[in-house]
Amino acid sequence: MPSAFQFQCHFVLIFLAASKGETRYLEVRDAGEDEPFLLLSEDLKRELSAGQIYRRSLRCIDMLSIEGQFTFTAEQPQLHCATFFIGEPEELITIDYDFVNIDCQEGDFLKVFDGWILKGEKFPSSLDHPLPTSQRYIDFCESGNIQRSIRSSQNVAMILFRIHQPGNGFTITVKKNANLFPCNVISQTPSGRFTMVIPHQHRNCSFSIIYPVVIKISDLILGHLNGLFLKKPSAGCAGVGDFVELLGGTGLDPSKMFPLADLCHSFHGSAQMKIGCDNTVLRMVSSGKHINRVTFEYHQLDLQDTENRKENSIEEFCFPSI
């Protein structure tokens with residue numbers, strides 16, 4: 001049975017937060033149950049493969065996973081609106097302002113946030129993003145024509161806007177760009193396979209799956225330098241600069257989730273874990289001294305998986321009571 005958090009993420013029936021570094025909740029009122037993920041349709045993507053530009057109007061609360069040109073025109077005062085953008089793991093998102101007609105002096109705003117905010121929690125977390133939270137907001141009312149094209153740091157971004165006067169609004173163009181070394185990712189699907197590589201970079205990268213899942217790590221290389229493996233630490237991951245951790249919880253921010261397992265030894269083989277949390281995150285911490293790589297696959301946890309809690313699994317943690 002889907003949890004409240006899953007409904008919040010899948011249908012965006014949640015409170016959204018925004019304002020320059022200071023969290024303020026925005027109440028969602030008009031999201032439809034079958035609408036936010038409408039543009040995840042593979043049929044629609046195939047129909048547009050010939051190079052046509054997809055165009056449509058934006059709703060006050062919306063979600064997009066496809067390139068195109070999108071227009072919002074207020075039919076009445078709209079005070080609590082947001083659009084979520086998501087791409088494939090290997091994509092970055094560029095948002096271009098084509099036309100903006102809002103009244104900043106009367107309290108309107110149009111902001112791009114580098115990542116997602118759901119119910120006051122951020123992805124990527126403040127620990128995993130290179131910019132402080134205040135700099136992750138780009139406010140049109142402050143930047144104006146100075147910055148009319150904004151690129152995300154990962155495969156998700158969002159805009160938050162408030163428009164008081166009917167008839168006012170904006171038009172944006174959304175494009176996707178290749179990301180050679182994806183770092184922070186939210187998965188569009190409950191199953192998949194992914195390889196995360198951090199090449200000599202001092203950064204932390206999180207892969208978020210907003211489902212209870214079975215996750216199987218098939219290959220982990222830590223401390224790989226010039227073809228040689230560094231000596232393994234004697235015990236545990238304490239003091240190790242490069243490691244992978246598995247996290248679980250009911251929110252979006254990895255820094256607020258429960259640590260379930262740490263992996264600090266390289267291995268080739270298979271390590272399978274069953275995690276029944278609303279959100280599962282695989283997070284790699286890298287010192288920047290080495291090339292680190294982890295390959296894993298995942299699929300949604302079902303009733304049979306929860307009843308058969310054996311093998312190398314996280315047991316009795318976050319499992320739903322079904």
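Keep in mind that glycine also has a Cβ here, set from the backbone N, Cα and C atoms.
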According to TrEMBL, which candidate among Cys237, Cys277 shares a disulfide with Cys264? Cys237
Cα distance, Cys205 (disulfide bond) to Cys141 (disulfide bond), nearest Å? 31
The correct DSSP tally for the domain 'Corticotropin-releasing factor binding protein N-terminal' (52-177) reads 14 helix, 67 strand, 45 coil
DSSP-derived helix, strand and coil totals, residue by residue, for the domain 'Corticotropin-releasing factor binding protein C-terminal' (185-305): 6 helix, 70 strand, 45 coil
Across every protein chain in view, the count of C-beta atoms other than its own within 10 A of the C-beta of Cys141 (disulfide bond) is 15
